[in-house]
């Protein structure tokens, strides 16, 4: 590092000697360490001008918007009961502090709510991430955003990427597949929609979130972990050949079909030029031509797994019709009437959108245009495929209703570019009708045995434990898929079933998911200590170890348990379940070896009938601001309740007082520990700060003070004094 620093200083001195101090722009470029990217691409302009996706007279505004930085946007998670409290805090405290504020000579505009997002739960501002991070005037606001994001109360998500989950029309009972889910902001929206009613701890629906990249799956886990849901499962498969799953229905094995599927496919990303400025210099039409086949295969696999009457949303952050309308038109054509585009023009009022187009041409990166497949010379037919061209038969084209697709242009509402199509499945896909009887015979022949599933024709293989091979193997696999697409297209043309491909699994081998046996001696002491309701679904408890002491207990919904038990050998599960109990090293002396975990407390609380202490707002403040407060500091009511209670893990519950509207108006449930002379809360640091903000307590200075201190974090101190039951969360990546 010393040599690099000397080289940088020498280069800076040489630069100053050549040009003096230079202009402010040069200094900004030098400070960044990279030459400024010129936001020009002649081929891009030529291509989209010719296609006419931008209305007449708006081209200059379109290009000007693409050259401007993308506004920062944030979304308040809608399923938590205190979403309104967060919104109130934002509007009446943090946004007010931004009034009349100037940063680097630029006036800070007040954040505005996205007019089309329900209940004012999404906002945008002209503040870039760089300004938010580096401006002292915005430090408090930035800390608020970071802390609330870590808690899962705020998601910093691009505005247009919020659209697909909204038009998916999700209800809490829906079985949902997110095919290309990482990094997970849309998945988080889907989870929120499942938990629309916070009084229902286990919605009947679930989300299976998939991604082909093993490493990106862990980004997905991080997003899902913040929402503490028992109804999410993260899996690692190639979306174009994701296996059919089975579930048990009244003793019968049946194929799992999804009510809702989100198909946000890999794309060229030219709608993201405002934030990914590398696209300006790297953009060519070749990107779209290479991705079209993969996108079509993924979408085809999606509609195969969609239930009749179900809805699938296909989306890209690209403006190119080769990746958008061409994929949808090809899918509609080979469905032979099994699919139709939904009319969603009345949904999301306030969102400005352009209709899908019905005419387009194909261009190579050298600028050569083709209007029809018959015009493509044979030496170009490996790059250009028949499915990339628009349908020529007018009646068939009209019946497709491609104008029902949505294209979002950046200059209309100061956003990125985006494409959305909503498909409804009216009947089975033509090739599935032929294959249905074969599948039934296969089920009858294999029965319920794990061996049959492991050796079935889905092509699943043992998972490699060599992480170093992941990247190379995946790149080979993607190339193989592209080659097979070309060969299959030559043989079959537009129609027919997708090619069957061997499923491969990559990355690390995960720890097993082991459900607690019915007669496990571990559970009765827990049930007795917390007086769990007879309706508590103990069959949904699981661990991540088959041998040795069970250190953590996790919980999934009944529906996800069904999926796990019937597909363990054909599906690579990265993560599922929320932690509900952790083992104490000396827990037995307190009557129970397991203490409650904050992550799962909102799921567990409805079933707990003992060891609950109702506390007032002042008690909550003490619990969250003091490390190990003595009992004498709490209200007399709290002291009376604690007096006759044995030491150990407890639930601390705050109920709002409607007669005091100025106080916090959402319920709070905290995990705690009662000692001989003290009472404490076991709550992660960011979650503590969140609750204190909601109660109007200033936490900014306290946080700065903590950062200056060299002592261990509050959470570490708490857990160490709570008999050290932590330590494997990062290793297991458990939600």
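A Cβ is built for glycine as well, from the same backbone N, Cα and C atoms used for every other residue.
Now, the feature entries from TrEMBL:
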type	residues	note
ACT_SITE	317	active site, nucleophile
BINDING	180, 181, 182, 183, 184, 185, 186, 211, 238, 264	S-adenosyl-L-methionine binding site
COMPBIAS	1-12	compositional bias 'Basic residues'
DOMAIN	62-426	domain 'SAM-dependent MTase RsmB/NOP-type'
REGION	1-27	region 'Disordered'
REGION	448-498	region 'Disordered'
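TrEMBL feature annotations superimposed on the structure.
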residue: 180; record: S-adenosyl-L-methionine binding site; CB count, 10 Å: 23
residue: 182; record: S-adenosyl-L-methionine binding site; CB count, 10 Å: 22
residue: 184; record: S-adenosyl-L-methionine binding site; CB count, 10 Å: 28
residue: 186; record: S-adenosyl-L-methionine binding site; CB count, 10 Å: 25
residue: 238; record: S-adenosyl-L-methionine binding site; CB count, 10 Å: 24
residue: 317; record: active site, nucleophile; CB count, 10 Å: 24
Legend entry - Separation of alpha carbons, residue 317 (active site, nucleophile) and residue 186 (S-adenosyl-L-methionine binding site) (Å): 13
Legend entry - Site extent for S-adenosyl-L-methionine, whole Å (max Cα pair distance, 180, 181, 182, 183, 184, 185, 186, 211, 238, 264): 20
Inset, instruction - Let me know the model's mean pLDDT on the domain 'SAM-dependent MTase RsmB/NOP-type' (62-426). - result: 93
Inset, instruction - Give the distance between the Cα atoms of residue 184 (S-adenosyl-L-methionine binding site) and residue 317 (active site, nucleophile), rounded to the nearest whole Å. - result: 15
Inset, instruction - Anything within 10 Å of residue 317 (active site, nucleophile)? Look among the binding-site residues 180, 182, 238, comparing CA atoms, and list what you find. - result: none
